[in-house]
């Protein structure tokens, strides 16, 4: 009986003899599963795959046609190289990106607001201008499939480095406003990096990698605060140049230099990664192709490999997928807090009664804690192969942090109590950002759907900063009760939506199991458009 094929992305669940390997590390999991694949020619030449030790199907064949065995050690070596040369590299780029967008908060209390005669509303508009253009150009996340990544990202890094540096010579509000808008365009292209990482890693490995990538944000903010403290102190001592101008230049110029490094070093794909040997490329490619084979038959898989462009039908399917909208609303809610805290925290701390220099210093520790929490949450989520429990937990922690800040201000408690609330708030929402992005990638099966899902996530999600950057008007200081209450509410909403998506995916998993072979051995068969048959496999499940 023909049945509809399940849409969305899938995770492989080991059964039988694979049960033990499913409990091991993700690198060993992937290596064990490669053993089920056969040898095929892919779009970039031949790719060797593996066989079990007792399988002699490759015996007697020529070396270029026989099957090779990839040990867990081989695969671990590939993963380490990819982590070092790809993940850490793009994480460093994100550090520069986040540094250049958020250091305006440090520049504000270092004298920028006074020198340019900015009102509170004008400062809010500087923040909003960045996110307006950032949102309008979110569609550029799809360009990773149309433009070579090393060219695309190098151009983006060069552009935002120049624009961030030019902020240091701003002499008026309109000039700075234009620069902030252009900065938003240049950094919008960078939002597709998690999609780019999916070219190299399997679904059950993505959270840890996206976690490393996103952890650069709190690290950048901590670094910016520490550097701002040093530059502000130096500027006040020497009086050579306004501290805020020196700060924007010192933190913006390195991106210009790094852009040349990106052009020469960033790989466009596994096949073009010069740091991998031929054998390592075969291992890396086979890992990804094995996962793709979980949802497609071999003819479909070969057709996908031959076409690296975006597919209109798959884009439409993603646009009509309710799962994408749930994650987008979650990301919107997270971004209300994510966008506002880094640019307002120095001001909030200063209005607790600390000096400008001390406020810069006290802004750093919460982000260092967030850095550790992001990495731990991402690693634990990958190891447990679940997303929703970690999102719900971290959203709850962030909600409690904001409530503590709110209640401490409302009840007139000491300022250090409010400051303590910043720690769980920042750690919670930074961890949620990582897991929501990863979950969005996990629930889409093809590159076109993943790219569209990320674009939707960013497009709708980045509307959150339009609200977030308006939550702390100057006339509501020093307590900012309304802003803290709103952020607490949105963090609670994230937890509720994660629970709803979990319920939806669990129901989808039940439907998938209903397509498994019957007790009498019969199974439903789907008739494809080309007349071929595709039989449901009983080892698929949504990652919840």
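Cβ atoms are placed via backbone N, Cα and C, with glycine included.
For 30-43, the entry in TrEMBL reads compositional bias 'Basic and acidic residues'.
Feature annotation from TrEMBL assigns region 'Disordered' to 1-68.
According to TrEMBL, the transmembrane segment annotation covers 86-105 (among others). The list of residues near the transmembrane segment (86-105) in space but at least 6 beyond its ends in sequence, with Cβ under 8 angstroms from a Cβ of it, reads 112, 126-127, 130, 153, 157, 160-161, 163-164, 167, 180, 183, 187, 190, 193, 196-197, 200, 209, 212-217, 219-221, 223-224, 228, 247-248, 251-252, 254-255, 258, 262, 265-267, 273, 342-347.
The annotation transmembrane segment is assigned in TrEMBL to 125-144 (among others).
Annotation source TrEMBL lists transmembrane segment at 175-198 (among others). Residues 86-87, 90, 93-94, 97, 100-101, 104, 116, 125-127, 129-138, 140-144, 149, 152-153, 156, 159-160, 163-164, 166-167, 206, 209-210, 213, 437-438, 441, 447, 450-451, 454-455, 458, 462 of the same chain lie 6+ residues outside the transmembrane segment (175-198) yet bring a C-beta within less than 8 angstroms of a C-beta in it.
Per TrEMBL, transmembrane segment is recorded for 210-234 (among others).
Residues annotated as transmembrane segment in TrEMBL: 246-266 (among others). Outside the transmembrane segment (246-266) by six or more residues, the chain places 85-86, 89-90, 92-93, 96-97, 99-100, 103-104, 106-107, 110, 149-151, 153-155, 157-158, 160-168, 224, 227-228, 231-232, 234-235, 240 with a CB less than 8 A from a CB of the stretch.
What TrEMBL records for 324-345 (among others) is transmembrane segment.
Sequence-distant neighbours of the transmembrane segment (357-378) (same chain, 6+ residues past either end, Cβ-Cβ under 8 Å): 106, 109-110, 207-212, 214-215, 218-219, 221-223, 225-226, 228-229, 232-233, 236, 342, 345-347, 349-350, 390, 394, 419, 422-423, 425-428, 430-431, 434-435, 438. The feature transmembrane segment is assigned by TrEMBL to 357-378 (among others).
According to TrEMBL, the transmembrane segment annotation covers 390-413 (among others).
Feature annotation from TrEMBL assigns transmembrane segment to 419-441 (among others).
Marked as transmembrane segment by TrEMBL: 479-501 (among others).
The transmembrane segment (125-144) shares the most Cβ pairs under 8 Å with 324-345, out of the stretches 210-234, 324-345, 419-441, 479-501.
Counting Cβ pairs closer than 8 Å and at least 6 residues apart in sequence, the transmembrane segment (210-234) and the transmembrane segment (479-501) reach fewer than three and form no contact. For the transmembrane segment (324-345), the partner stretch with the most Cβ pairs below 8 Å, chosen from 390-413, 419-441, 479-501, is 479-501.
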